[in-house]
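Record features (TrEMBL):
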- A:49-54, A:163-164, A:188-194, A:219-223, A:288-291, A:355: GTP binding site (BINDING)
- A:53, A:194: Mg(2+) binding site (BINDING)
- A:10-22: compositional bias 'Basic and acidic residues' (COMPBIAS)
- A:1-22: region 'Disordered' (REGION)
């Protein structure tokens, strides 16, 4: 009897301890779930090369500790790769034009540049790139300055010349320095195709220090073959930041050279808007690459893009730029509202951005933050929170 | 006859105790303020009174809490020429003389017969009244100058500061401008409109924007300011705030945009915006803040006068939303809503939406002859257009909804145009029914039949 009693007591103690532990775990899970609820998820979406990753990097620079030296150095190989890729695209493009054009004399390289071009094109086609030495940098610069290449660059929209081509070509000397450490701007311009998903968590601290909002920002791959990876991220997102490069209206896709980039963006935006999981999500549309748009719209008419075919220019200079921008903005608005009946009461705002300009991105993000806080306040007042 | 009741507070007659509120002429304060002549204030008071016209001051001040001893018992207005009778009671000279002229030689308050019909000017009371009003008047003038001064200061501050300081300055200016006409004048005269407009742009925060709009909507805007405010980036900001702001901000934005539309060279594309129209519809449908409905409908009404924008209004689905709203609207809102629907019915897509919405006919029929004649006119016009579009379908629905009786009612007592229209509609509706069935549908009693 006594034994039984004592054994019972032992097992009771063991049970109690287990229960206490289980309770502790439960409590912690509950706490973390509650904490999770306060973290607002932001999803960066958009077609390839729309500037999503640049925005991502900017946020990292603005609201986290930025990039440390190791991280900066990790970009050296990326930047060198971008240099090789750029010059290869230009050289290959030049060869294509010289074969097809009637006035192919424009596309003839002078002197030794043809050999240099062939060599660089071969390097650029390999899987691994050599380090950018001073000699290679010099050769690339010589080739870049060749009039034929400049002619090719002028028609860069017909090829897959990256937007940052000019930046890379102008900074070759610095890039090829033996002790080169990339600057913040270098990192922002560097282009890597995002595969998979990257995320950062941050809190925008500003004058309004008691804001205390915690955001988790996700960046996903933009090219078509990566989109299936987005699906599992759609639940519980506070806001979608959709990036659209408005300077793309005369360019074609990397993955499908028959498709106009702006048309692709239009279709993607429409598809995203219709997803049921985004029924209550706020949409922040970033009309990006305004700096390139500004210059391009005065030289290349908007109506080369089918979506903008009813555009009529009204004046010149700054006024015309503003008018063109308003036109593009209205087109996106039209798309949003006419794919969105009945009106679900979602927040939809359009922002003009130039992702490479840190000050502008900071200002823009402050506005996004304000909008999301206002939304929470309105929902709270409406008794939804 | 008014019986003057001296206010008895705690059994003490007014005017003789030191305690009390502004109603009672507090002796202590009166001495301190110089009304009773202490500290040399009395002399100044009288002198000031001569310069400032007492009548003008009384009118301008329009104060509710004038000491009862200053009030004429006959007219209940402050006295400007107090005279005392032999009974010791004081009245306004013109009033007591009128009393005498009517043949009464009694003291209105004490009801005693007068043994002496002379009226003595009560200089003491006159002095007190003058001084009291002068003090109040000077105080008001000073406060108003202070307010003007404050408004000027705030404008200067706004040109210099940013961030939270800017928001604070705007908030205060908003408050000051809303409550003082002098502040408004000061802001306009010192180029404040341009300063505030310059704060509005694509990167303006909501905090700054909402206060700025709140200020601008209170001010008289000239042509140049209005044109400036019509820049696309500024309008975008207003539209955003109309969608996101508090109800007061939403209403301010609505009023401001409507003001801008009054401008001569107003270009319709400024309001040709999905965001604006969707935002307006949300405002109009807001059940929690009903004070936004009238301003929203008013702006919508102004916008649908612009032919170019009408089809956009229809495309965003405004027609069915307005139809669903009709039963719940107040009469003044109702007339506006019906006006909008009537205007939109002139478009093929508009009348199509009206026909497709199942509640159009029942809601409109219910409205006939229940509110203003304008309401009936618009409702009838819409019903006519809808029935003409699809006579077979719509007439039967209309008749089932009780249109017949209403039409007959209109025939009995409305203006000729309305009668004519209702006669036409009646003809249209009767086409598919025999007389007997139609009459029975009208649910008329035997006598009327």
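Residue positions begin at 1 at the first shown residue.
Placement of Cβ uses the backbone N, Cα and C atoms for every residue, glycine included.
Annotated features taken from TrEMBL, shown on the structure.
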{"residue": "A:49", "record": "GTP binding site", "DSSP class": "coil"}
{"residue": "A:188", "record": "GTP binding site", "DSSP class": "helix"}
{"residue": "A:220", "record": "GTP binding site", "DSSP class": "strand"}
{"residue": "A:288", "record": "GTP binding site", "DSSP class": "strand"}
{"residue": "A:355", "record": "GTP binding site", "DSSP class": "coil"}
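Mapped onto DSSP classes, the compositional bias 'Basic and acidic residues' (A:10-22) shows 13 helix, 0 strand, 0 coil. Using a 10 Å Cβ-Cβ cutoff, residue A:288 (GTP binding site) registers 28 neighbours. In sequence order, A:53, A:78 are the residues near residue A:192 (GTP binding site), counting only same-chain partners six or more apart with C-beta under 8 A. Around residue A:53 (GTP binding site), taking its Cβ as the centre, 24 other Cβ atoms fall within 10 Å, counting all chains.
Around residue A:355 (GTP binding site), the same-chain residues at least 6 positions away in sequence with a Cβ under 8 Å from its Cβ are A:51, A:54, A:55, A:58, A:188, A:243, A:286, A:288, A:289, A:361.
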